[in-house]
Amino acid sequence: MRNIALIGFGEVGKSFIKLLQIKKDLLPKNTKLKYIIKRDGGIYNKDGLDIDEIIKYTSSNNKIQNHPLWSDISFKDILKNKDVDILIELTSTNIINGEPGYTHIKGALENKINVVTGNKGPILLYYNELKNLALKNNVELKIGCTTGGALPSINVGTKDVLGAQVTEIIGVLNGTTNFILEEMLKNKVEYKDALKKAQDLNIAEKDPSLDVLGIDTGIKMAILSKVIWDVDFEFDKLDIKGITDVKLNDLLLDNFSGKKTKLIGRAFYLNGNFEFEVKPISIDKYHPLYFVDGKNKGVHYKTDILGDITVTGGASSPLNAAAAILRDLLNITK
Ligand SMILES: NC(=O)C1=CN([C@@H]2O[C@H](COP(=O)(O)OP(=O)(O)OC[C@H]3O[C@@H](n4cnc5c(N)ncnc54)[C@H](OP(=O)(O)O)[C@@H]3O)[C@@H](O)[C@H]2O)C=CC1
Ligand SMILES: N[C@@H](CC=O)C(=O)O
């Protein structure tokens, strides 16, 4: 039997419970979702929440705060009640101090609760500490959703290249900016209009500056670098540039010469030499990520003995991000 708590009931959290409903047969019998917690309280049932009822309730425009089970419970109650073994952490990303995710993830691991998260802040800032805590407590910390959501970037860059040395990572890892650059060209609009559309589709972060300033790409590239190379760096000092200065005219000129501008992250690591940059680059059709269009993403690994490996797809959307959470959850429960 597996008992789950969900903290963070925004776009991805809501999509996640829809997937729990649709994919319930993939989970072990008697899997129970016991908590859904937001900033100001949550709902709890020690015998397991009725997911069908909650989906029906929230999709009829009812605020979950008006649900009969709503109370002022918080993360502390999860630890106090000691009745779950998996925490799904989907609160907002904060890269200043990682909170509130850091407290939730650390508290869960210390209490021998497995964690699946899409929250990039605590992983960027405290990955080694949290990974060691998970190891010490014999539980899992699953972070596949933090480095491109549905794009299977971490597993390919670690498990699937075992024995090889990854020397370079090249990524188009932000669906919002990739979508914006394509929209600008397709509809001949400047980036602000295209950004509005990305926000309407809920793929941009709540604070879209994380996307358009290149920070989200930088975070994902930095997490991949940490996980794959265990390299130490200060995120603030990394060379990160976004797409806010890209003009429609630049894209039209690119297009004329058969090129596309993409927000590319590149990290290189060999013999202690670490290079890192994120910036818009004009690429031609021979570049491995040239065909990554729309909300899709892609990652290209250069390795010493496995050759070059490219994975593309995994379009950004709350449902796809939730699918990445489900993927990690199933890897724990299998
Ligand atoms: N959207 C996407 O496509 C992707 C998102 N992610 C990451 O997944 C996470 C969730 O994203 P998304 O659902 O879009 O974000 P939202 O902003 O839609 O939701 C965030 C949720 O976190 C809750 N929350 C914030 N602070 C607390 C707190 N102290 N205690 C309890 N709950 C809290 C909010 O509660 P309240 O509503 O009460 O404010 C809200 O329900 C983020 O970290 C994001 O970076 C990762 C990959 C893709
Ligand atoms: N805003 C991100 C989604 C979450 O990682 C993106 O556009 O890819």
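Just so it is clear, glycine is given a Cβ too, placed from its N, Cα and C backbone atoms.
Keep in mind that TrEMBL annotations are predicted by a computer and have not been checked by a curator.
The domain 'Aspartate/homoserine dehydrogenase NAD-binding' annotation in TrEMBL covers 8-141. Taken from TrEMBL, the feature domain 'Homoserine dehydrogenase catalytic' applies to 152-330.
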| said: When secondary structure is assigned with DSSP, how many helix, strand and coil residues does the domain 'Aspartate/homoserine dehydrogenase NAD-binding' (8-141) contain? | reply: 61 helix, 22 strand, 51 coil
| task | Within the domain 'Homoserine dehydrogenase catalytic' (152-330) only, compute the mean pLDDT. | result | 95
